[in-house]
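Copied over from TrEMBL:
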- 4-62: domain 'Tudor' (DOMAIN)
- 58-112: region 'Disordered' (REGION)
- 66-75: compositional bias 'Low complexity' (COMPBIAS)
- 76-97: compositional bias 'Basic residues' (COMPBIAS)
- 101-112: compositional bias 'Basic and acidic residues' (COMPBIAS)
- 212-234: transmembrane segment (TRANSMEM)
- 261-280: transmembrane segment (TRANSMEM)
- 301-320: transmembrane segment (TRANSMEM)
- 332-349: transmembrane segment (TRANSMEM)
- 460-480: transmembrane segment (TRANSMEM)
- 486-505: transmembrane segment (TRANSMEM)
- 526-547: transmembrane segment (TRANSMEM)
- 567-586: transmembrane segment (TRANSMEM)
Amino acid sequence: MPSRKFADGEVVMGRWPGSVLYYEVQVASYDDVAHLYTVKYKDGTELALKESDIRSLSSFKHRKSQSSSSSPSRRSSSRSRSRSRSPGRAARGRRRSSSQSREHKEDKKKTVQETSLVPLVLLFLFALPKPSENNTRSYKGEPESTERNDTSFISLEQKFKPDLDIERVLEQYNFRPRKEEKKREEIYSEKKIFETIKTIEKAPSKTKELEFGGRIGTFMLIFFLPATVLYLLLMCKQDDPSILNFPPPLPALESLWETRVFGLFLLWFALQALFYLLPIGKVVEGLPLSSGKKLQYRINGFYAFILTAAAIGSLLYFQLELHYLYDHFMQFAVSAAVFSMGLSIFLYIRSLKAPEEELAPSGNSGYLVYDFFIGHELNPRIGSFDLKYFCELRPGLIGWVVINLAMLLAEMKIHNLSMPSLSMILVNSFQLLYVVDALWNEEAVLTTMDITHDGFGFMLAFGDLVWVPFVYSLQAFYLVGHPTTISWPVAVAITILNCVGYYIFRSANSQKNNFRRNPADPKLAYLKFIPTATGKGLLVTGWWGFVRHPNYLGDIIMALAWSLPCGFSHILPYFYVIYFICLLVHREARDEHHCKQKYGLAWEKYCQRVPYRIFPYIY
């Protein structure tokens, strides 16, 4: 087995694929099987190069100094020859006109010779046999995640090789100076390479790494998620909602569907769409897409919430019984699930005609079920109406607050209370704060992976329209049938816990969003960061220097505070906490993988600086 020549971390000169140019790189690792070095360029690009494509920095500088030291001697000798060649200088003036005419004829003759040689050289070049595979440079041996980049650079070199070979052959038969031709070749080669690299970066790529168990896992989730919602709601209706009990029988299908309920759901969806289209609130630009384009979004979610509150208040003033929502809670959940399925089918069908650059990087696998679940199109729009952005915060999130209010009124009516229980007040207050905060900071959602990375398919449609309003309100729904009494000291302790979680959640998100928007803001001068090859920085102070995902830590603390008012008689109200931990751990693992691919060595330095992911000193 041949021994490696360059050590990890050593700074060397690496040849750029498809060119004769060498750039300063750092050796990252060495593959003993493929005998390839993984090197990192200054712009953050990582490639696998053969040892023959790498030169030590010292030898490269020595060779450059030799070439520069030899050129003056050649120029001096040529000058000495030019001085000593004319002993009869006095007679040169008489022969000047004749010599100029002869030189003009010779230059014309050279031009004719050079022009006549070009087609002969081209004919000779393309008549040559194709190079064998042993002579073709290969950049294989990378992990599967970087296989697309290797293929791109192989095709890149094959594309440039004929052009460079033509230039080299023409150079042998050209009468212009060698130095000028070399410079022209380098400029041409570098320009062509970077133009093609830009084209490759803009070209959409197929999704290779499948999440949620791939095609089989996503197929099962399409049925498992609605079944989970029905199971949780049926269990909350039981006198003994212990998860150890056998699940209750599924009600008759006709009892799960009511046309009037479905019509009310459509009316609710249309009302929120009307509020979304109102010309109130500022218009902002989202983050740049892969094509460089920035979409515009109207920020008026908080105004929609105020208008919804006014509408609900008017209905209550006219003595509309809002507990109708509690009595038909199961039918509303089924109606929302049916609507989300129909919306998902519509989204997938329209995505088949979407341009390639508008497809989601996570939902472009080529597998129907997987792309249907994840979402094939990144930002589906009908005119200026952004379907994903609308569903992210409007119908489901505001609907969550309306459902909680309906549960509070249902508790008062069923148990003949003059005022809601302390447990119900805490649950409603905590979750109302969370929703209002999301709507008040609506612009921050534009930097999340849901908007920038994930497509709009069944996963987000079902999550926004069914899971958020009907599972996140599980504590309030549970308290209607299973009232729990807590003391004031316990209520104060739970309130403090929720405030701590909210403070961590909001301050961490504010630090991240403000830094992403304007890293040069003087208000953020106290924050330190690790620069990356992408031009962005990784925060290593503040909350992001405490753990890698402090916003997830705040989320989990708040989720616990929402469940504690339900007591400890059953674990069912804590399903949300368990689910939230599993969800955030999955998201954290996805974020880790995404950031490692995006930031490379800078992310490794960040992980060494901030070792804990969500829970300090634990995980």
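Glycine too: its Cβ is placed from the backbone N, Cα and C atoms.
Since this is a predicted model, take the numbers as computed values, not measurements.
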Can you name the far-off residues of the same chain, 6+ from the ends of the transmembrane segment (567-586), with a Cβ under 8 Å from a Cβ of it?
232, 235-236, 241-243, 423, 471-472, 474-475, 478, 482, 484, 486, 549, 552, 555-556, 559-560, 614
Intrachain residues whose Cβ lies under 8 Å of the transmembrane segment (486-505), provided they are six or more past its termini
422-423, 426, 430, 433-434, 437, 543, 550-551, 553-562, 564-565, 567
What parts of the chain pack near the transmembrane segment (460-480), using Cβ distances under 8 Å and only residues at least 6 beyond its ends?
225-226, 229, 232-233, 236, 241, 326, 329, 332-333, 336-337, 339-341, 343-344, 347, 375, 388, 391-392, 395-397, 399-400, 403-404, 407-408, 410-411, 414, 421, 423-424, 427-428, 431, 450, 454, 562-563, 565-566, 572-573, 575-576, 579
Per the Cβ filter (under 8 Å) with a sequence gap of at least 6 from its ends, the transmembrane segment (261-280) is approached by 298, 300, 303-304, 307-308, 311, 328, 331-332, 335-336, 338-339, 385, 390, 394-395, 398-399
DSSP says what for the domain 'Tudor' (4-62): how many helix, strand, coil residues?
9 helix, 28 strand, 22 coil
